[in-house]
Each structure stands twice: as C-alpha cells, then as structure tokens.
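Below is one structure; the comments refer to it alone.
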Amino acid sequence: MSLTKQRSAHKSDDFPTVQLFLLAIVRLAEPIALTSIYPYAWALVKRFEVGEEQDASFYAGLLISAFSLAEALMGMYWGGLSDRIGRKPVLLIGCFGTMFSMIMVGVATNIWVALAGRALGGLLNGNIGVIQTMVGELVKRPEHEPRAYSVMPFVWSIGTILGPFVGGTFADPHDSFPDLFPEGSLFYNYPYLLPNLICAGLLLVSIILGWFLLVETHPDMQPCDALAEDTYAYLSEETPLLETSDAIKRPVVDMRDDNYGTVRVHDTHMAPASEAFDVEKDDERSSSISTKRIVSIMIALCIFTYHSMTYDHLMPIFFEDDRVAGNNSTSLTAAAAALSPSASSFSFLVPGGLGLSVRDVGMIMAVNGGIALFIQAVVFPLAAERMGVYRLFILVTVLHPVAYMLVPSLLLVPESLLYPAIYFCLAVRNVLSIILYPLLLILLKEATPTPKALGKVNGMAASAGAGCRMIAPPIAGWLYTSGSKVGCSALAWYGSAVVAVVGSVQCFSVPRSKFEQGELPTKCRKEESIPK
C-alpha cells in the first residue's frame, strides 16, 4: 500500500520534531471541527423546534454525543485495523469522515439529519487512538515522553480556540453580517452551513498534507535502513554469520556495527546472552492488555473524560441561559433564599444562567483555549519534570472537584467583575484538566506490555473514552433541565463534582510502575558490552 510506504528513516534517539509537527497539523482540523458546534448547538436545537424549549439543553447534549456514541462503537475496530494496514490510512479515513459529517450537519433541516451526520462522522473516525499510537511509536526515549505527549493536547487547545471562534462568529451569518449574507441567500436558508464549510476546508488541507508528508509509524512497516539501534541487540558468539529467511526484518550480524564482536544484554539482571533469545517469547506471553494497571488507568481515563465532557457541554448553556430578574448578586441571593429559607450568602439553589450572547460565548471559549494553550506549553512540562508523572497525576485528580464547585458562584459575582471571575474559573479548570490528560496517556503507554499491542490498547482507550463522552452531555443536559425547573441550574455542576470526587478516590487504585518508583525500565537501561 502506497500510503504506508516509508519515505525516510527516523533516528530513534532524536526528538521527532518534524513528524510531530506534521501530525499536529493533521490533528488540528479535528478539534476545530468538533468544538465549533458548541457555541450554537443549543440555538440549533431550538431552531429545529424539538420538544419544549426548556428541553433544548437535553437535545443539544444528544446532538453533541452522537459523534462520541458512534466513535465508541468503532474505536476498537479502527485501532485493530491500524495494526493491520498501518496508522496513516486509518488516520486519513477519519479526516474524510469528519469532513463529510460537517457538511451534513451544515445542510440539516431537522435534528434527525444533524444526528445522522454527527453519527456518521463518529463511525468513520478512529483518530484519537491512532494518533496516540503514532506519538508512542515516534518517541523512543522515555525522557522525551512528557514533551511529546503534550504536543497533541497542545494542538487540541489551539483547536478549542479556533473552533468556538469559528462557530460563534460565522453561525447564522445573516444576523451578524446582513449586507454580505442577505435574505434568500444560501447561508440565510442554511444559517449553520458556513462554519461547517470552513471546518471542512481545514480538514481537506490536513488530508492533503497528511497524504504527502506524514510517514507511516507502524513498526512492521519500516524500511530496513530505519531499524532501531537495538536491531543487533540479541547477537551472541554463537550467532551464525549466514542470513536467515528473517534477515530483512532482523539481520543476524552487521560488521559495520561498532559493537560487532561484543555481546549486549538487555535483561534487568544482566542475563547471559544465551537467554536473550527468550525475550521475544516472553513479550508474547506478557502481551495481555487486561492487566490490573491498564484496567485501572482505563477507569481513571473514563471518569475524567465523563466529567470533563460535562464541563464542555454545560459551559455554553450556562453562559447563554437567561439571568433571573434583578441581574445582580443581591437579587440572586434573595431569590435563592425564597426557594430555601436556610440559604446563606452562597446558596445551593442558584437559578438561571449568565445571559450572554452566542458571540460572547464563542469569544470566551476562544480565550479559554488560549489559557489552555499556555498551561499546555509552559505549566505542564515544568510540573511533570519537577513532580514526576505519577505524583502529578494524583494531585490534579484529587483537586478536580474544585473546578466544578466554582462555576455556580459566578451567579453571585457583581457584573463588573463577571469576566475576570469567568476566566479565573476557566484557568482553574484548565490547570487541572489540561495537565491530567497527557499524564493518563503516558501512564497508559508505560503500562502497555509490548509495542505490538499499543494500537489495540489505544483503540480500547479511545472507545472507552468515547463511550463516556457519549453519555456525559445527555445526562448533564437532563440535570441542567431538571435543576432549572426547581430553581437550581447548578445541579448539573454539582453532579459533575460528585463524579470528580469518585475519580479522586479511584486514582489511588492505579498501581505505580517500577519506573515511577525510581527504577528505569529494561528498555531504558544502557546496554553493556562484554568483550569476547
């Protein structure tokens, strides 16, 4: 297959800057496409006139989660297919599927067409697991992992800046730019087509760049001149000089190698060379992906994905929902006290939203992406280097409930301080969530028993995460609707905080690896030579 043909060898000791940059460009269009719907999903559902108006948040949750539902069903399949045909073809198929789904949503005239478009995009998209696998295969040195695994979340943060900005700015263009888009024009009849076309165009650019410039990373699809340094690691004084049928994949000897005439041992306990040939057999026996550590990390990933998705779904709804009468903290406290006589200055019952416009929300979400970008680029690498992966993972997981408890207090903030308070809440949330996600990816890679199982593990993680993203918006939307009926729109936020508390308890069940306890893994130990 031409797509999997390697064009150049990658030196395993070097940080794969160029390929990660190309992978980031391919990756960038996807978060733009997926997050552009957030600012106008609520308005789009209202336009379709599905059910009662107060149920719009629930149906908006269904629309957003349709993509994740389909992605959860197919994540394992795409991960397994990438193990067979290569990472690059599956990645490009996912981009094509997302591009087509964006156009379907843009021309939808009812919620069923929009749901079908979102679902189709999810069915054809397995890029989350595939990209995680490609990053893991590009990075060979453990000290490069924090930096490398922060690249894709960094790119996602850029996408979350541009996506909501595109969706909030170009949705219903007749209302925003009546002279450019008059009544009767295409974008007047399809008010949400323009942002989807812009996103589809970005996806097309990423497909072209990926097709021509991105290399295949599958270990079994590398050229013979791109073999890793440990290709000759299992040579002994008894190794025959004549090539075998498997010589192309693993030449038995290379006299040009500086270590020819020596025996190198990889085993932690310096096993003799005669035992080195059993390593591959041991890898096969230990290739199970149902270990306690992998399962614990998967559960932690699912819990985080769920409450993180509820935040992304609830934020624009809460910001756009109408304020209660009075529009100030004193009136809100009085209204809450009327519902609950025992209410204090900060009541559990806080009704309504912030009453912001779609354009305001789009701009806030763009700034939110900028905050996330700074945290990803500056805060995460420093924190991971100084605290270590495991300790930082425990810290940010335990603190996560705070992010959800802060948001309802925005209703009690004076209007003059509203925007600084909003950005403070977003900064707290981003510090926790932007740091946690790459930590989970690093832990998952380290827990994978063999590189050959990496695609399957990441596919399973993508499916599990997509399943949680699927159920999160409808549940959060239902809680928001139910809370609004009883004068407590904060109910959904408190529900997310409860799930985050469960995650802060569960994180202690993730076992620490020997590497995290201070021991270098076998593959990271320096090879030692024994003269003949």
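Using N, Cα and C of the backbone, Cβ positions are placed for all residues, glycine too.
Any TrEMBL annotation is an automated prediction that lacks curation.
Feature annotations, courtesy of TrEMBL:
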DOMAIN    19-514  domain 'Major facilitator superfamily (MFS) profile'
TRANSMEM  20-38  transmembrane segment
TRANSMEM  58-78  transmembrane segment
TRANSMEM  90-113  transmembrane segment
TRANSMEM  119-139  transmembrane segment
TRANSMEM  151-170  transmembrane segment
TRANSMEM  190-214  transmembrane segment
TRANSMEM  294-311  transmembrane segment
TRANSMEM  361-380  transmembrane segment
TRANSMEM  392-411  transmembrane segment
TRANSMEM  417-444  transmembrane segment
Open item on the list: How about long-range neighbours of the transmembrane segment (392-411): same chain, 6 or more residues beyond its ends, C-beta under 8 Å?
Closed with: 300, 304, 307, 311, 314-315, 318, 329, 332, 346, 350-354, 383-384, 418, 421-422, 424-425, 428-429, 431-433, 435-436, 439-440, 443, 489-490, 493-494, 496-498, 500-501, 503-504, 507-508, 510
Open item on the list: For the transmembrane segment (151-170), I need the partner stretch with the highest count of C-beta pairs below 8 angstroms, choosing only from 58-78, 90-113, 361-380.
Closed with: 361-380
Open item on the list: Quick check: do the transmembrane segment (58-78) and the transmembrane segment (417-444) share at least 3 Cβ pairs under 8 Å, counting only pairs 6+ apart in sequence?
Closed with: no
Task: Model confidence over the domain 'Major facilitator superfamily (MFS) profile' (19-514) (mean pLDDT, whole number) - done: 76
- [ ] Please give the sequence-distant neighbours of the transmembrane segment (361-380): residues at least 6 beyond its ends with Cβ less than 8 Å from one of its Cβ atoms.
- [x] 35, 38-39, 146, 150, 153-154, 157-165, 167-169, 315-316, 319-320, 419, 422-423, 426-427, 430-431, 434-435, 438
